[in-house]
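Q: Pasting a structure here, questions to come.
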Amino acid sequence: MDQSVAIQETLAEGEYCVIAVQGVLCEGDSRQSRLLGLVRYRLEHGGQEHALFLYTHRRMAITGDDVSLDQIVPVSRDFTLEEVSPDGELYILGSDVTVQLDTAELSLVFQLPFGSQTRMFLHEVARACPGFDSATRDPEFLWLSRYRCAELELEMPTPRGCNSALVTWPGYATIGGGRYPSRKKRWGLEEARPQGAGSVLFWGGAMEKTGFRLMERAHGGGFVWGRSARDGRRDEELEEAGREMSAAAGSRERNTAGGSNFDGLRPNGKGVPMDQSSRGQDKPESLQPRQNKSKSEITDMVRSSTITVSDKAHILSMQKFGLRDTIVKSHLLQKEEDYTYIQNFRFFAGTYNVNGQSPKECLRLWLSNGIQAPDVYCVGFQELDLSKEAFFFHDTPKEEEWFKAVSEGLHPDAKYAKVKLIRLVGIMLLLYVKQEHAAYISEVEAETVGTGIMGRMGNKGGVAIRFQFHNTSICVVNSHLAAHIEEYERRNQDYKDICSRMQFCQPDPSLPPLTISNHDVILWLGDLNYRIEELDVEKVKKLIEEKDFQMLYAYDQLKIQVAAKTVFEGFTEGELTFQPTYKYDTGSDDWDTSEKCRAPAWCDRILWKGKNITQLSYQSHMALKTSDHKPVSSVFDIGVRVVNDELYRKTLEEIVRSLDKMENANIPSVSLSKREFCFQNVKYMQLKVESFTIHNGQVPCHFEFINKPDEESYCKQWLNANPSRGFLLPDSDVEIDLELFVNKMTATKLNSGEDKIEDILVLHLDRGKDYFLSVSGNYLPSCFGSPIHTLCYMREPILDLPLETISELTLMPVWTGDDGSQLDSPMEIPKELWMMVDYLYRNAVQQEDLFQQPGLRSEFEHIRDCLDTGMIDNLSASNHSVAEALLLFLESLPEPVICYSTYHNCLECSGNYTASKQVISTLPIFHKNVFHYLMAFLRELLKNSAKNHLDENILASIFGSLLLRNPAGHQKLDMTEKKKAQEFIHQFLCNPL
C-alpha cells in the first residue's frame with residue numbers, strides 16, 4: 001500500500017511526498033510506530049529542499065485522517081542516515097533494518113521493514129542530502145515555519161514528547177537516542193568508510209556502482225570498501241557483474257584467504273555465515289525488531305549451531321544498473337539451463353482458520369507429525385483476531401501467540417530460521433527454511449491486498465511472500481475470501497483483485513513490479529470459503545458419513561468455478577480424500593449445531609502452479625479442535641534450479657567476451673505503434689486502458705517516461721503508464737498500457753472543468769532522443785466528486801445538464817444558501833443520496849454485515865450510472881453493493897458533510913451533546929440536512945441490530961472518518977483525538993436528534 005498518499009493529503013501547496021515507509025521509533029525500552037515521509041519543496045528560485053516528516057498513527061495510513069504529524073527533521077548539511085547495530089550483532093534472514101538518524105544535536109533510532117520499499121526510501125533520502133560544495137547556499141527551510149507550534153519561539157528548545165507538529169531545526173533541538181557502532185556506509189553524501197576490526201560487511205545484488213571495489217582486509221577475515229585503480233576491464237566487469245547479478249545467477253566461490261568465510265561471487269544465495277566467534281552475542285532489547293523474537297528465543301527456534309545472517313546490503317541502496325550489466329544479466333537468464341540443474345526440495349504448506357482463538361494445543365500434530373523434516377515451511381492463518389480493535393487497527397497480541405506456537409511446532413529433527421512474517425488484520429503468513437538453506441534465499445518481498453469494503457478493511461484479502469530460492473522464483477499466497485454460500489461471485493472477484501493488485505518491487509528499479517503470475521512456482525493456500533451447493537445439509541452429512549467424497553466433490557463451488565475458468569486457471573489441486581474442514585462446534589469433531597447449522601464444506605484449500613511439483617500428501621488434521629475449522633496441510637517435492645559453479649563461471653566469461661566485441665557508440669532508436677491516444681466517455685472509478693508497442697532497433701536501450709519541466713510527475717494524477725520504464729534488447733518489443741482512472745482525488749476538478757482529459761507524455765531513451773505522446777478524451781461528469789450544495793441545485797440528472805451549468809454549480813461557494821438565488825429552488829438533500837438511502841431503507845435494514853462486506857465492482861458501476869442518469873427504476877444490485885456505493889459517495893465529497901471549518905469545534909465538544917448539536921446547527925443548510933438525514937437512517941439500522949448485528953461503535957467508526965475530515969494541509973490528529981471524532985458521531989446515534 002502506498003502510504004505517501006496519506007502524507008500528501010497533510011501537506012501544503014508546493015510540498016510533495018516523494019516516498020514513505022512504515023517504521024518503529026526505538027527509545028530505550030519504548031517502541032512507537034512511526035510513518036516516515038520524505039517531503040520535497042520547490043523554491044521560487046528553482047532549487048529544492050527536503051525534510052523528513054514523522055507521523056504517529058495506529059490505524060492503517062490510507063488517508064490523511066489516519067496520521068498525525070509528530071516531528072519534522074530538515075535534511076540539512078549535517079543530516080545523515082546510517083544503518084547501525086551493536087558489535088557482533090546477528091541478523092535473521094528477512095529481519096528489520098535498524099537505522100540511526102543524526103543531525104548536529106539530534107539522534108533517533110528506527111527499525112524499518114525488510115524489503116524494497118525501505119531500499120527505495122533510503123535511496124531517495126541519500127539523493128535528497130545537500131552536497132558539500134561551500135559555494136552552494138545553505139538550505140534555509142523557511143517553508144517549514146508554518147509547522148512550528150504557535151506558542152514556541154524559534155530560540156526555545158523543542159520539548160521532547162510534544163505531540164504537536166514540531167520542526168527540529170539544526171542547533172535548536174536536542175532529542176536523545178542511542179548511538180551504536182556503524183555497520184554500513186553512512187547515508188548522505190559521505191564516502192563509505194572502512195569498518196572497525198571485527199565487523200563484517202555484506203553485499204549483494206542491490207549495491208550501487210560507485211567506483212568502490214571489494215578488497216581483502218589486511219588483518220583478519222572480512223572485506224572493506226575502498227577506492228582502487230582499475231586493473232583490467234575483464235576482471236572489473238566480471239566482478240561488477242557478479243555483484244549486481246547475484247540475484248539472477250552465478251557461481252559460489254569460497255574465499256578462504258586470511259580465515260575469511262566470506263562468500264564471493266554468489267549467484268543465488270545472498271547470506272553470509274557469521275564467524276563462529278560471533279555466536280552468543282545477543283542483540284540488545286532496544287534494537288529488537290517489533291515482529292522478531294528475542295535472540296534466545298530465535299536461537300531456540302532455529303536450533304542452530306551456526307547463525308545465518310541475511311544480505312542486508314541489497315536493501316540499503318537502489319541499484320543503478322548500467323547498460324552493459326543489464327545485457328549480461330539478460331544473457332545469463334537466457335542461458336540459465338546451461339549452468340543449472342534441477343534438485344528436489346521438500347515444502348510444507350499449511351492453512352488454518354483459527355476463528356479468533358488463542359493457541360491451546362501443540363501444533364506438531366499439524367506441522368510435523370508423520371513427515372520428514374521439510375526444507376521450507378509455508379504456514380498461513382485466517383481470522384487470527386476477530387476483535388473490533390484488530391479490525392480497525394494494526395496491532396494484535398494474537399500474532400505473537402501464534403508465531404510462538406508455530407515456531408515450537410516445527411519439525412524437531414531440523415534447525416529452522418524464520419525468513420518472513422506478513423499480516424493483514426487476521427490474515428497471517430509465515431515462511432521458514434532449514435538453516436542450511438538460508439544462504440540461498442534472496443529477494444524476499446512481502447505484500448498485502450485488502451478486499452474488504454472500500455479497500456479499507458483487511459478482514460478479507462490476501463498476503464503473499466515472494467523469494468528466490470537458488471535460481472527459482474517462488475510466490476506463496478495466503479488468502480481469506482468472502483463468506484456465505486451465495487457469494488461465490490464475490491469470492492471470484494476477491495481472487496481476481498488479489499492477482500491484479502498484488503505487486504512486488506524488483507531490485508532493478510527499471511523493471512516493472514512482479515505479479516503473482518511472474519513466478520516459477522506458486523503455492524496458494526487459505527480459507528477460500530467456497531461451499532457445497534445444490535445439496536441440503538443432511539445429504540451432505542450422509543455423503544460424508546459414507547466417505548463418498550468423490551460424489552460430494554462434484555457439488556464443490558471451487559471445482560465448478562475452476563472448470564468454468566473463472567478462477568485459478570492453470571492451478572492444480574490434489575484429490576480431496578478427507579472430510580470437509582468446516583464447520584465444527586469449537587472443541588469437538590461435531591458438525592455445527594448452532595442456529596444457523598451451516599452445511600459442511602471444504603473451505604480450506606491448497607493449490608499450486610508451476611513445473612517440477614509433486615504433491616506427496618494433502619490432508620486435514622482432525623486432532624486439533626481449537627477452532628470451528630480444521631487445519632489442512634500439503635507436502636510437496638518441488639524441483640528447484642541450482643547453479644553449477646564451474647559451468648556458471650564459463651558461461652559468464654563467454655558472455656563478457658562476446659560483449660567486448662560490441663560497439664557501444666550507436667545511438668538507440670525505437671519505433672512506436674501509436675503516439676496519439678483518445679479516451680472516450682471516461683467514467684468515475686472505471687479503468688480505461690489504451691496500449692501501444694515500443695519496437696527497439698539494433699542497439700539495447702533503457703526507456704523511461706520523464707517529468708516535464710516544473711512538474712512533479714511524468715503524467716497527470718489520473719493517468720499511469722505500465723511499465724513506466726524498462727530495458728529493451730535489440731529487435732525486441734514491449735507493450736505499454738496507458739491506464740486512466742478517475743478517483744476522489746481527481747473527479748472534482750474534472751466535473752468543474754478546471755481539469756480536462758489532456759496530457760503530453762515524454763518517453764525518453766537513455767543516450768537517445770525523446771518521443772512525445774498526446775493524450776486526450778472526455779470525462780462524463782458524475783455525482784461522485786460533486787459538492788453537496790451543487791447536487792442540491794441539480795434537479796435533473798447530472799448527465800442531462802450542459803457542461804457549463806455543471807461547472808457553474810460546482811464552483812459555487814459551499815456556504816451558498818437556499819434563498820435569494822437566481823437558480824432554481826434547490827432540494828433539501830441531493831437526490832442521489834436519497835436514492836441510495838431509500839433503497840437501503842426499503843431492502844437492507846435487517847441485512848447482516850451491512851457496511852462491512854464489500855459489494856461487486858460491476859454492480860457499483862451500474863449504481864453509478866443509474867444515479868448519474870436518474871434511471872433509479874433500473875437499479876438492481878445487492879444490498880452490500882449499494883451500501884458501499886453510499887460510503888464511496890460520502891468519501892468522494894470535496895467538502896465533507898461536516899465542513900472543514902467546523903472540524904475542530906466538533907472535537908472540542910465531543911463529550912457535550914448539547915454543544916455538539918449547536919455546532920451542527922452552524923453548518924450550511926444543505927450539509928446540515930444531509931447530516932440529520934444520515935443520522936436518522938443509521939438510527940433506523942440500529943433498531944434492527946438483532947438482525948443486522950450493527951452497533952453504535954461500528955457505525956461511528958465507519959462513518960466518523962467519512963463525515964469528519966481534517967482540512968488538507970493542517971496538522972493531523974493523534975489516536976486520542978480520533979476517538980473524539982468517533983465519540984462525536986456516537987452521540988447522535990445514541991441520543992434523540
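Cβ coordinates come from backbone N, Cα and C, glycine included.
As the structure is a computational prediction, the values presented were derived from the model and not from experiment.
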Q: Besides Asn459, Lys460, Tyr582, Lys583, Lys596, Cys597, Arg598, which of Glu383, Glu399, Glu400, Glu676 does Swiss-Prot list for that substrate site?
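A: Site partner of Asn459, Lys460, Tyr582, Lys583, Lys596, Cys597, Arg598 for substrate, according to Swiss-Prot: Glu383.
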Q: Using all protein chains in view, find how many other C-beta atoms are within 10 Å of the C-beta of Glu383 (Mg(2+) binding site).
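A: Looking across every protein chain shown, the total is 22.
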Q: Quick check for the class: what is the C-alpha distance, in angstrom and rounded, between Asn459 (substrate binding site) and Glu383 (Mg(2+) binding site)?
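A: Their Cα atoms are separated by 8 Å.
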Q: Across the region 'ASH' (669-782), what are the DSSP residue counts per state (helix, strand, coil)?
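A: Tallied per class, the region 'ASH' (669-782) gives 6 helix, 61 strand, 47 coil.
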Q: For Tyr582 (substrate binding site), which of the three DSSP-derived states applies: helix, strand, or coil?
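A: Where Tyr582 (substrate binding site) sits, the three-state DSSP reduction gives strand.
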Q: Between the recorded positions Asn355, Glu383, Gln852, Cys990, which lies closest to Cys597 (substrate binding site), Cα to Cα?
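A: Closest by Cα distance to Cys597 (substrate binding site) among the recorded positions Asn355, Glu383, Gln852, Cys990: Asn355.
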Q: Give the residue counts of the domain 'PH' (22-148) per reduced DSSP state, in the order helix, strand, coil.
A: 22 helix, 53 strand, 52 coil
Q: For the binding-site residues Lys460, Lys596, which one has its C-beta crowded by the most other C-beta atoms within 10 angstroms?
A: Lys460
Q: Below 8 Å Cβ to Cβ and six or more residues apart, same chain only. Which residues does that give for Cys990 (S-farnesyl cysteine)?
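A: For Cys990 (S-farnesyl cysteine), the qualifying residues are Glu952.
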Q: Fill in the CA-CA distance, Glu383 (Mg(2+) binding site) to Lys583 (substrate binding site), as an integer in Å.
A: 14
